[in-house]
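These notes are about the structure you will find just below.
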Amino acid sequence: MWDIFSFDFWQTLAAQHSLWLMFVAAFLSATVLPGNSEVVFIALVTPKVIDGSFWNGDLLELLMMAAVGNTLGGLTTYWLGRLLPAPSLSTEKRSFAWAIEKLQRFGIWMLLLSWLPVVGDALCAMAGWLRLNGLYAGILIFLGKTLRYIALLLITFPFL
């Protein structure tokens, strides 16, 4: 029987399935579900940095798994927004007016900010709702979220 409340269980899980753990955490934190992929990313990166294996393939795999999981979560939110009825700006509340105006003004480029907490999820959903190009949305979401994990790695590295 597994004791999921023991430290050994979680340590073994992280060691054997670290890439999948990173993917799931990144995916969930990019959707409307709560998640904290930054903590998981730092927890999985720390042993690699301490061992001196900073520039090996394991770190790149972890970085890509985080970026892909987070991107797919953002695209899930994009497609959920696309399922909503097309907007008619005359009937929308004024509270949405600012976000809609910015997204329409700056267009798809606003999705480079999809890595931001809370705001990023809303941007992805509104991009889908406003029927912005899905291919460009995916590319820009991937770029923004990849740069986020690279920045997180570079900010954290001096403290390890």
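Backbone N, Cα and C atoms are what each Cβ position is placed from, and that goes for glycine too.
TrEMBL does not curate its annotations; it predicts them automatically.
Residues or ranges marked as transmembrane segment by TrEMBL: 20-44, 64-85, 106-129, 135-157.
Long-range contacts of the transmembrane segment (135-157) within the same chain, counting only residues at least 6 positions beyond its ends with a Cβ under 8 Å from a Cβ of the stretch, are 30, 38, 41-42, 45, 49, 54, 63, 66-68, 70-71, 74-75, 78, 108-109, 111-115, 120, 124, 127-128. Residues 13-14, 62, 65-74, 76-77, 120-121, 124, 145, 149, 152-153, 156 of the same chain lie 6+ residues outside the transmembrane segment (20-44) yet bring a C-beta within less than 8 angstroms of a C-beta in it.
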